[in-house]
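Peer 1: The following block contains the structure, expressed as structure tokens.
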2 protein chains.
Amino acid sequence: MPRIRLTVAYVGTRYQGWQIQGQGATIQGTIEDKLTRICGELVRVHGSGRTDSGVHALAQVAHFDVPESKAHIPWQQALNAMLPDDIAILDAVEVTEDFHARFSVRSKRYAYTLWTEPHFILPQRAPFVWAVRGLDFEAMDQAAQELAGTHDFAAFQNAGTEIKGTVRTLEPILRTQGQSPAEWVFRFQADGFLKQMVRNLMGLLAEAGRGGLGPGEVRAILEGCDRRKAPATAPARGLTLEEVVY
Amino acid sequence: MPRIRLTVAYVGTRYQGWQIQGQGATIQGTIEDKLTRICGELVRVHGSGRTDSGVHALAQVAHFDVPESKAHIPWQQALNAMLPDDIAILDAVEVTEDFHARFSVRSKRYAYTLWTEPHFILPQRAPFVWAVRGLDFEAMDQAAQELAGTHDFAAFQNAGTEIKGTVRTLEPILRTQGQSPAEWVFRFQADGFLKQMVRNLMGLLAEAGRGGLGPGEVRAILEGCDRRKAPATAPARGLTLEEVVY
């Protein structure tokens, strides 16, 4: 059976995340529904990993297998004609069977966007940012330096995952100006992320920016491997999956 | 009675335009509703002009008068706390009574954004662009040159307006790259715009870009002053009111 790799962008606001759940619309479910209609039989879509409810993507990757008789359908065109405006297929190519959207991942990159203008949030940017006030960005950069490297990130993993190992290698966290002067973007790249890890790391950075944590305390939280001792999770809306590397 | 000038940004997708109508949510209506709740009496909001259903704004301007007893309310903070995410007050300042949001306007600038990637529309940009294919941008620039200047723009005015004069002075139309390589932005600045004038001008430019109109034909349409002989109106979603100059 031919295997197709999809690159998918979405605005996650309306969805209960990537992965099919008991109820509520999901990105995976919406794409499977269209593929199943096109193929006349159930087609399963495998993503590179879950994204939480409300998280966005510029380039999520997924694959699916299709019956030989459907091999020559122009998948990008067919799916984009059926999908709602908030999901789009950026690319669809046939790959060999040794490609697997989840198991073949080498690293992923997420962007988290903060909105710092205190008196308003621009409506055009509101779905994509977390509005914060009075953060000390130098203190955040210092805290970020403590997090980079190969560590046990158990303190940044929310409950409900089946993953055994919690050691990951996080590249240096980069901070850049966003689309407007009010926006700062933090980029997180790692060989893998635990459940809600980026949002938990961002929550810690924000707490450091509020003056609540020095570098020594950041190290202690990381080494403590206890989620209950780490700061609160940052909201989903500021997070975008930017790239999956294979 | 003190007069307050508001600068308002909005994503127009969910609204039946700026101005209060028989039914459906409008930007003006939503702001009036919040002001009326704050003041305990009906407060009328006067915009610089209407925007159509689905059109966006980065800096619409409006004014309202408030009872002396309410003069010291922090309007921006009070309104932003009550308004939905897709409307925001960027600025609220007290002005003298000789300021009128509509009658004091000297010029306005609109941006119209085209999406040119033929195989998908990025979901993050979909609400703000018109997706087009295979346009000849040099031909559009040539057509744009014919439109700039002081002309009777009756051929670009849709029915249903009460305005008497249809002569306006349009500055040279500027075309620039947009947020992504797939986007081109056309900017229209004039001392005033007729009903749906920017969308009708954009519709003509698109037709020129498709090869359907040479510069001579553009001149003939302009001089003919007959809406029925001009190309179709471009969609609302690509249009944003960027600035009102006083």
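Even glycines carry a Cβ here, placed using N, Cα and C.
So TrEMBL says this about it:
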type	residues	note
DOMAIN	B:8-103	domain 'Pseudouridine synthase I TruA alpha/beta'
ACT_SITE	B:ASP52	active site, nucleophile
BINDING	B:TYR110	substrate binding site
DOMAIN	B:143-246	domain 'Pseudouridine synthase I TruA alpha/beta'
Peer 1: May I ask which residues of the same chain, at least 6 positions away in sequence, place their Cβ under 8 angstroms from the Cβ of B:ASP52 (active site, nucleophile)?
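Peer 2: Expected: B:GLY12, B:GLY17, B:GLN196, B:ARG199, B:ALA236, B:LEU239.
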Peer 1: Which of the three DSSP states, helix, strand or coil, fits B:ASP52 (active site, nucleophile)?
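Peer 2: It is coil.
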Peer 1: Work out the three-state DSSP category of the residue listed as 'substrate binding site'.
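Peer 2: In the DSSP reduction, the residue listed as 'substrate binding site' maps to strand.
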Peer 1: What mean pLDDT score does the domain 'Pseudouridine synthase I TruA alpha/beta' (B:143-246) have in the model?
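Peer 2: Mean per-residue confidence for the domain 'Pseudouridine synthase I TruA alpha/beta' (B:143-246): 94 out of 100.
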